[in-house]
Structure formats: C-alpha cells, structure tokens
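To keep things clear, I will list the structure first and then write my remarks on it.
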Amino acid sequence: FQGIFVLGLPYALLHSGYSGLFLIILAAALCCYTGKILIACLYEENEDGQLIRVRDTYEDIANACCKKLSPKLGGIVVNVTQVMELIMTCVLYLVVSGNLLSHSFPYVPVTEKTWSVIAFVTLLPCVFIQTLKIISKLSQLCSLVHFIVILVVVTYCLTQIHQWSWAKFRPSIEFDDFLVSVGVIIFSYTSQIFLPTLEGNMKNPEEFRCMLNWTHFFACVLKTTFALAAFLTWGEETKEVITDNLPSFLQTLVNLCLLTKALLSYPLPFFAATEIVYACISRGNHSNYRPPLFALGVRGSFILLTLLMAMFIPHFALLMGLTGSVTGAAMTFLLPSLFHLKLKWRKLSFSEKCADISVFILGLLCSLAGIVCSIKGLLEVFG
C-alpha cells in the first residue's frame, strides 16, 4: 500500500483540490470492499451451510464466471490485465529511476532517458532470478528504505508548518487533470492481484476481513497525511515526484534512497509477470518443463520491453494515471464487483446488489474518463 507511487499523491492533490482528499478516503473504502467481495468469490457453501474454499486464484474466479461462454476466457482476460499492470509497474520504476538520477546529478551532462538506460543495465541480472527467495530479501531492504524516505519528507514538511495555508488548494480545477489524479489515487491502492494468495496463506483466514479493514484504514491515514503535508508545504510548486521539491541538501540523499528502493522493487513485478506467462505456456503445452534458453528469452524480452516503454513515455504522473485507469480500475473495481454479482447473485441482498452495481458503474466511468484524459495528456506532451 505504501509503495513508491505514494510520491505522486501530492501532485494528484494539486490537480484535484479538496476533492482529492475525499478521493483518497473513498478509494480506500471501495478497495477494502472489493477486496472482501473478491475473497468471498473463492468460497461456496456445502450441504451443511459451511463455507468451503473451492478456488485459489483470481484466474479461477474468472474462469468460474465465464465457464458457460468459454472455460478459459475469464482466466485469459485476468492474466492479460495482470501482466499489463505488472509490466507498467516495472516501466514506472524505470521512469522514476531516470528522474531521480537526473535530479540527483544535475551537473552531469546526461539526459533523463540515458539515466533510465543506466538504471536498466543494473537490472539485467533479473533475467536470471528463478525463485522468490532472492526477491524476498530485496523486498525487506526495500521496505526499510521506503519508511526512511517517508519519514524524512514528512519531517521536513513539519519544519515548514509555519508556511502552510489552506488557500493553496485551487478553487477550481481542470476536469482532465482531475481525472488523471483519480487514476493516480486508484493505482496507489491496487492490491487485489495479491489478495487471494495472501488470504490462502494466512494462519487464520477468518481474520482476513478484519485485517483488510485495518490495513486500508492505516493506508488511508498515511497517504492523506503524507499527501496533505507535502502539498501544503509546496502548493502550486508541487512536482510530479514530490522529492524533486526538497532542498538540495536533502534531495540528493533522499533521491538516492528512492533510487535504491525503485531498483529493489523492480524484480517482484517482473518475476510475477514472467511467472504468469510461464504458467499459461505450461498449461498450453501440458508440461511444466521450461527450456533454459526459452525462459531466458522470455525474461529478456520482458525486461527489454519495459526499457522501450520507459524511453517513449518518460512522464511519471501521466503514466501512473493511465495505468491506474486501465488495469487498476479493472482489477480493483470492475472485475471483483462483476464476479461477485455473477457467482453470488441468488444469495445477495438488494442492498448488496446495489452496492456491487454502483461500484462497477463508478469504476467503469472513472476508467473510461481516465484513459481518455491520460492519453490526451500524453499526446499533448509529445505534440
């Protein structure tokens, strides 16, 4: 929940005003709700009325919903969406790495795209990662670095509290910028991909709903505090990556910490994306054997694809908004509510049906509008 993309939230507040604060809270509540109904889709009642876990993954839920049309159609849609989101996450790590390096060493005559290539070179060993054992160690270091960065930024903002003013919020906002901000906020909460695995590995799965309530509550509080403190400190000067606003004596240190975090974060979504592809290919070939050269070729293709996309779309906030609007909204709002209605229709109360339908419609509108505005923003930048 508190990933590197939290750094884009103050910029989202700049373009959404007071409504941005409401959106951060609303997104937490909706994501918590869709997480619960997604997990509910993993269970069915037996003859004695007891809930039994009959499905294990997001893909299993999708296949169960689409089995009358095609046994594998739902799984294909979910897998494609997951791979898209994971790849876009990797691209964002490369984009933000180039941004951080260029601002850390402004006197070096190297462009931001070149810095992204340099960061990419350090990530090439990812093609040789075959298990989660190494990634788990990298993730531990990643979490430690992240909390240090957040602490430094918030502490500096608190030293500038005498400059804070609510007048910094815009009285009017541009609709296009507002919708991009919606995508950024949604993307900062996306976690539904991992929830079925998380719930399945809990010692006490019956505590999942309680856990989800508390984690979303604390995530909401931390995001709101961070975004509000940073925006009130810099106002109209707030940049896409908030650490760019820090004074030079802190900026280089924090940027290098964030660079470390971004590079340490890259292997997890990269590994997850390649594993999904491998799983699909193995099922198609009815074999779990992975030829070494083929596996290396798939990983190499994926890592090269992320570099090419980072080179062509080097805009952190716009890219994050587009990703949030396309894959984030689909995996977080559209599919969970649709699957819940499909699998549990006869057992849902009228109010539950209304809630699911409302979430689906809201997610669809946000997704379509966010896609249009993010693409429009990217076209304007390139134009």
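Cβ from N, Cα, C; glycine included.
Per TrEMBL, the feature domain 'Amino acid transporter transmembrane' maps to 1-375.
Look at TrEMBL and you will find 20-43 (among others) tagged as transmembrane segment.
Taken from TrEMBL, the feature transmembrane segment covers 76-95 (among others).
Proximity of distant same-chain residues to the transmembrane segment (115-132), defined by a Cβ-Cβ separation under 8 Å and at least 6 residues beyond the stretch ends, is recorded for 94-95, 97-99, 101-102, 259, 262-263, 266-267, 270-271, 295-296, 299-300, 303, 306-307, 310-311, 314. For 115-132 (among others), the entry in TrEMBL reads transmembrane segment.
What TrEMBL lists as transmembrane segment is 144-166 (among others).
TrEMBL lists 178-198 (among others) with the feature transmembrane segment.
As annotated by TrEMBL, transmembrane segment applies to 210-233 (among others).
Feature annotation from TrEMBL assigns transmembrane segment to 253-281 (among others).
What TrEMBL records for 293-313 (among others) is transmembrane segment.
Annotation comment: TrEMBL describes 319-339 (among others) as transmembrane segment.
The transmembrane segment feature in TrEMBL is assigned to 359-379 (among others).
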For this session: Test the contact criterion for the transmembrane segment (210-233) and the transmembrane segment (20-43): 3 or more CB pairs under 8 Å, pairs 6 or more apart in sequence, then answer yes or no.
Result: yes
Exercise. Looking only at residues six or more beyond either end of the transmembrane segment (253-281), which have a C-beta under 8 A from one in the stretch?
Worked result: 3-4, 7, 79, 82-83, 86-87, 89-90, 93-94, 96-97, 100-101, 103-104, 119, 122-123, 126, 129, 132, 134-135, 138-139, 141-142, 145-146, 148-149, 152-153, 243, 246, 290, 295, 298-299, 302-303, 306
Exercise. In terms of Cβ proximity under 8 Å, which residues at least six beyond the ends of the transmembrane segment (20-43) contact it?
Worked result: 9, 12-13, 51-56, 58, 60-61, 64, 181-182, 185-186, 188-192, 195-196, 199-200, 208-209, 212-213, 216-217, 219-220, 223-224, 227-228, 332-333, 336-337, 339-340, 343-344, 355-356, 359, 362
